[in-house]
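As given in Swiss-Prot:
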type	residues	note
REGION	1-34	region 'Disordered'
COMPBIAS	12-22	compositional bias 'Basic and acidic residues'
REGION	66-91	region 'Disordered'
COILED	81-180	coiled coil
REGION	115-133	region 'CAHS motif 1'
REGION	152-170	region 'CAHS motif 2'
């Protein structure tokens, strides 16, 4: 495409965009046409095109390419003000990016600290629960030992009671045996005494008869 054809197409597009059509209403409108001067399209340098691609993407780059293709005579360089503006934009971008990263880091630290505290609280709760369980185990074993001791104590008491009753029975048996032995001894003594008295009486009688016979 030649430069004249490109310029003509550009002028036609500009006229079509700025043309005000007449609407079908009850009012009268006047079409206004403005004569557009034939100004060569500017040429965007590679640096500006690259910055435009970073900021707005491929669309701006394509538009810049179309514009730059229309003229090869006009070159537009970034002014110091534009460079300062771009530098400020870059600095603002760096600050905002740093702020985003710092907020993200603080968020991570906050969540980590909250999780750590929660984990510590849970660990402390588990530790106390384990201590309680250990104390319950001790009390359980103590209860078993005390129960065993009480059981053995009751068994010993029962055996002692049984032994005492056995001793009481043996004592009664011994008493009964002693009483029976004493009664047998008394009978023998009485019997022996009775026999001796009878013999003595007989002798007496015999002597008396002898004495009587002598007197006669």
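Cβ coordinates are placed from backbone N, Cα and C, and glycine is handled just like the others.
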Residues in the region 'CAHS motif 2' (152-170) grouped by DSSP into helix, strand and remaining coil
19 helix, 0 strand, 0 coil
Confidence over the region 'CAHS motif 2' (152-170), expressed as mean pLDDT on the 0 to 100 scale, is 93
Summed over the region 'CAHS motif 1' (115-133), the DSSP helix, strand and coil counts are 19 helix, 0 strand, 0 coil
